[in-house]
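Quick notes on the structure that follows.
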Amino acid sequence: MQDALVAPRVASRATVAAVAALGVAIVLLLSAVHLTQGTSGVAAADLLALLTGAGTDQTAAVLVASRLPRLLAGVVVGAALGAAGAALQSITRNALAAPDTLAVNAGAHLVIVACAAFGLVVPVEASALLAFAGGLGAAALVFGISGGGTGPTRLVLAGSAVSLALFALVSVLILLFTEETTGLYAWGSGQLAQIGLGSVARMAPVVLLGIVALVALGRRLDVLGLGDDTAVVLGVPVRRTRVVAAVLAVLLSAAAVTVAGPVGFVGLCAPAVVRLFAPLVPGLYRHRMLVPMSALAGVGVVLAADVLVRLALGGQGGIEVPTGVVTTVFGAVVLVAVARRFRDSGPVRQAPAARSGRLRDRRTFLVVTAVTLALTVAVTAGSLLLGDAFLLMGDVANWVAGRAGPVTTFVLDARVPRVLAALLAGAALAVAGAVVQSVCRNPLAEPALLGVSGGAGVAAVAMITIVPTVGVWTLTGSAALGALAASALVFGLAARGGLATDRLVLVGVGVSYGSMALITLMIVFTDPWNEAKALTWLAGSTYGRTFPQVIPVAVVLVLAVGGFVRARDELDLLALDDDTPRVLGVPLGRSRLALLAAAAVLTATAVSAIGLLAFVGLVAPHAARALVGARHARVLPVAAMLGGLLVCLADVLGRTVIAPAQLPAGTLTALIGTPYFAWLLWRSRVATG
Amino acid sequence: MRGRRIGVALGAGVVALVLAACGTTEAPAGTPTSPAPASGAQISVTDARGKQITFGGPATRAVGLEWALVEYLVTLGVMPVGVADVQGYSAWVQAAPLTEGVRDVGVRGEPSIEAIAALRPDVVFAASDVNEGALTQLEAIAPVVVVRDADASDPLGQMRRNVELVAQVTGKQAEADQMLAGFDSALAEGAQRIAAAGLAGRRIAFADGYLDGGRLSIRPFTEGSLIETVSQELGLVNAWPMAGDENYGLASTDVEGLTTLGDVEFVYWTNKVEGADPFVEGLAGNAVWQSLPFVQAGNVTRLPDGIWMFGGPASMRQYVDAITAALAG
């Protein structure tokens with residue numbers, strides 16, 4: 001990995017020039033095709049006629065006020081993100097650093113949405129400055145909690161977590177301020193369409209200056225690539241160079257967000273594309289070439305995505321489908337490809353909480369269990385009482401006894417399934433997370449991060465899109481198939497060199513980003529005005545759950561927990577290393593497969609019950625291990641309760657705070673779960689950093 | 001030890017909480033009673049799902065989850081007890097204003113089951129896109145009449161059938177007949193005015209638009225939309241070339257797509273709650289917009305705020321008045 005970022009000695013000017021020319025030619029070709037696409041009848045022939053002076057005024061207007069702004073938006077955004085990605089990857093010496101994985105885009109986006117929500121009408125320049133502040137804040141946070149950002153996995157995880165939390169905040173704002181933020185939901189996925197050259201013209205100089213400044217820093221960045229010590233010896237101010245380059249990268253990303261919203265993963269893709277050619281053309285490693293070539297590749301990626309959408313769906317499709325969703329799919333593929341090329345990065349990174357060697361005594365376990373149980377009961381009771389209508393315990397008692405008054409009956413009839421769905425789905429995700437973490441021996445593995453939840457979501461949304469009236473069991477079944485397929489894909493792709501590596505997490509994160517983008521694509525394309533559906537699947541919601549929908553989760557949870565209880569010793573052994581279970585006669589491959597499949601099915605039932613829920617499967621098992629030690633007989637019940645507790649709490653807050661309107665549980669889970677996760681990463685930074 | 005102390009404290013807290021939360025907000029049910037006492041003959045209707053629903057008498061406590069249904073109710077003289085997004089309704093549907101006491105039951109996409117339950121309605125009118133689980137929970141509270149609120153293959157017919165369905169359930173057939181007859185004569189009168197102004201056969205493009213950041217998305221009301229069909233009844237002709245969706249007849253396009261229209265009357269609606277006027281302010285200085293023949297000829301009309309283009313006879317009468325006033329003077 002690192003060798004790829006080091007500037008080699010040999011550089012042939014001719015080859016470099018040839019590659020650059022080839023890149024420019026491809027981008028020009030894409031631009032030409034891009035200009036012929038649109039919602040009007042203006043085609044290539046009309047544009048040619050314009051060149052010879054035979055075109056109409058309207059054709060000229062279409063070119064100047066519609067096609068060119070969109071093209072230039074693509075150019076500005078692509079160049080900015082490509083260069084930003086290259087700079088961030090160089091200063092972190094990490095091929096997975098990018099405006100998205102460092103949450104820069106999410107931070108800038110949040111600030112812009114917040115402005116709209118609070119009714120601040122600001123000129124483009126000011127909004128770019130605000131976006132810059134937001135992006136800088138988010139990046140600083142990610143660097144901070146990942147401990148300097150040198151480890152790829154920690155950086156990507158911290159970035160994903162912070163992005164998730166910021167996007168959760170964005171959806172809270174959009175839900176709270178529906179009027180003020182109309183349309184920003186779609187914009188959140190990155191849209192190139194412009195009504196004029198205004199924002200492009202204002203941001204282009206910023207982007208140009210940013211790129212020029214990065215190129216000017218090129219020599220220093222080259223030296224930095226040789227290692228900090230060498231750089232110091234050669235007289236390069238390491239810290240200052242890093243900070244200046246990072247600030248420039250954030251500025252570039254913020255400019256891009258101001259123009260088109262967060263266009264996903266261009267900053268990750270573009271340098272990766274350049275690096276693909278770099279072994280053939282060593283000169284490309286030099287930053288004076290790397291930065292502009294990444295910018296060029298960024299333009300290529302954005303334009304290719306936009307051209308592709310409109311080739312496939314026509315001019316009108318280009319209005320409905322956000323370009324950023326397509327680039328996110330590209331980005332997911334690149335993320336997986338880059339992650340696959342990782343060499344095993346040595347010993348398994350384990351958060352201290354996970355390998356907690358301290359043997360907790362039985363009494364601690366009992367106390368923790370009692371307290372967790374009491375808390376779960378309290379939160380469950382609270383969530384039965386709170387909501388749009390406030391009830392008292394007597395009402396619940398009457399309801400249980402079947403003699404409640406009619407209003408109480410209706411309220412609880414609707415509320416109890418929701419509370420149950422939250423409790424059970426939370427427990428299912430937590431148990432699945434605990435099992436996956438043990439089997440993979442990776443404390444960062446969890447169903448949502450590994451793309452398993454995403455796979456279940458893709459299959460479920462595809463199913464309800466094709467057959468809207470599908471039954472609960474069929475839906476759960478197809479989600480299970482999707483989850484198993486996604487696990488097979490992730491584990492298959494990461495299999496080289498064993499499972500317990502960072503690669504698994506990185507491949508998983510890639511697959512999970514890809515599946516989120518696919519879900520957005522399916523919903524935007526088939527059901528564009530159904531915001532409720534999008535929120536249910538992408539954020540996780542208990543709205544409208546009924547008892548029959550909760551049954552699959554309950555059944556699978558009981559079966560799985562039964563199985564895991566029997567396999568608890570096996571789980572303990574698998575979590576240790578490969579040899580111990582083998583020596584003790586545990587059929588390693590078979591048990592792993594069975595346990596992972598059980599976890600995937602468990603995840604799928606949770607997803608089909610309440611949609612994608614982030615971080616529950618990660619946070620709950622961690623907290624459980626920290627509280628009661630590593631033995632599964634103890635971890636599983638505590639994790640299950642903590643998972644249920646977390647989702648139930650998120651759900652009741654979402655149902656109560658802005659009643660009669662509501663926030664989806666998953667949004668609040670992300671808001672509650674992310675700080676814990678961030679703290680977990682931050683606390684473990686010294687141990688592994 | 002610390003764990004235990006925390007445990008004891010928490011346990012005590014829980015107990016205190018439970019004790020404090022005892023009591024009831026509602027007296028237990030004695031003997032179960034049937035909801036509304038039957039007054040008059042039984043009413044039986046078939047809703048959009050093909051489900052047969054029987055009422056003991058005209059429903060009086062109605063909840064409306066889609067604004068068109070609320071408009072029918074109000075104009076038929078049945079003030080609903082609950083409406084989804086009261087604030088939005090009041091801004092967008094001014095043909096049939098709500099009175100003070102109408103309770104907000106949440107957003108249209110995900111109305112609060114609990115708020116509806118608390119209202120003890122005897123009928124809930126919902127559009128056909130309600131979440132299936134929520135529908136099941138609503139049906140436990142009161143009979144739910146599911147209405148297909150729009151059908152692009154027969155928008156006016158669908159509107160009439162909906163009005164009649166709502167009237168049947170609420171026992172307001174006479175009012176419905178009167179309302180629909182009034183609507184028909186308003187249409188005929190409007191058509192006369194259009195013809196008298198020499199505008200019969202005039203091509204019209206109706207749209208709305210959303211401005212966000214540097215982007216304007218335009219929503220054409222194509223053939224099959226309620227507005228387009230009413231305009232057709234007036235003697236105007238749809239100019240949009242593209243097809244819309246199968247329910248509302250809506251499509252999407254951008255400024256560039258307007259160049260396909262040619263010489264038309266361009267009519268749009270928006271609302272001041274949306275902020276800046278998407279066409280006039282959003283497109284000021286846009287070369288494509290300025291190159292459009294209807295812009296150059298000044299044939300661009302913004303309708304008054306608050307006419308609900310997916311509404312019922314009352315909204316459509318407002319539209320007829322507004323469009324004839326704008327075009328025929």
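Using N, Cα and C of the backbone, Cβ positions are placed for all residues, glycine too.
TrEMBL: automatically predicted annotations, no manual curation.
Per TrEMBL, transmembrane segment is recorded for A:12-35 (among others).
Look at TrEMBL and you will find A:41-64 (among others) tagged as transmembrane segment. Only residues 6 or more beyond the boundaries of the transmembrane segment (A:41-64), in the same chain, are considered here, and those with a CB under 8 A from a CB of the stretch are 35.
Annotation source TrEMBL lists transmembrane segment at A:71-91 (among others).
Residues annotated as transmembrane segment in TrEMBL: A:129-149 (among others). Tertiary proximity for the transmembrane segment (A:129-149) is limited to same-chain residues at least six positions away from its ends with a CB under 8 Å from its CB atoms, namely 92, 94, 97, 99, 102-112, 115, 122, 155, 157-159, 162-163, 166, 246-247, 250-251, 253-255, 257-258, 678-679, 681-682, 685-686, 688-689.
If you look up TrEMBL, you'll see A:155-178 (among others) marked as transmembrane segment.
Residues or ranges marked as transmembrane segment in TrEMBL: A:244-277 (among others).
Within the same chain, residues 39, 74, 95-96, 100, 186-187, 189-193, 260-266, 268-269, 272-273, 301-302, 304-306, 308-309, 313, 493-494, 503, 506-507, 509-511, 513-514, 516-518, 520-521, 524-525, 528 sit at least 6 positions outside the transmembrane segment (A:319-339) and bring their C-beta atoms closer than 8 Å to a C-beta of that stretch. If you look up TrEMBL, you'll see A:319-339 (among others) marked as transmembrane segment.
Taken from TrEMBL, the feature transmembrane segment applies to A:365-386 (among others). Tertiary neighbourhood of the transmembrane segment (A:365-386): same-chain residues 392-393, 396, 412, 415-416, 419, 422-423, 627-629, 634, 637-638, 641-642, 644-645, 648-649, 651-652, 655-656, selected by CB-CB distance under 8 Å and a gap of 6+ residues from either end.
According to TrEMBL, the feature transmembrane segment maps to A:419-436 (among others).
What TrEMBL lists as transmembrane segment is A:473-492 (among others). With a cut-off of 8 Å between Cβ atoms, the residues of this chain six or more beyond the transmembrane segment (A:473-492) that come close are 447, 450-460, 462-464, 467, 499, 504, 507-508, 511, 515, 552, 596-597, 600-601, 603-605, 607-609.
According to TrEMBL, the feature transmembrane segment maps to A:546-565 (among others). Beyond the ends of the transmembrane segment (A:546-565), by six or more residues, the same chain brings 417, 420-421, 424-425, 427-428, 431-432, 435, 472-473, 476, 571, 595, 598-599, 601-602, 605-606, 608-609, 632-633, 636, 640 to within a C-beta distance below 8 angstroms of the stretch.
According to TrEMBL, the feature transmembrane segment maps to A:635-653 (among others).
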For the transmembrane segment (A:244-277), which stretch among A:12-35, A:71-91, A:155-178, A:635-653 has the most Cβ pairs under 8 A? A:71-91
Within the same chain, the residues 6 or more beyond the ends of the transmembrane segment (A:155-178) and with Cβ under 8 Å of it are 92, 94, 96-97, 100-103, 105-107, 109-110, 113-114, 116-118, 138, 141-142, 145-146, 149, 184-185, 188, 444, 449, 505-506, 509, 535, 539, 614-615, 658, 661, 663-664, 666-668, 670-671, 674-675, 677-678, 681
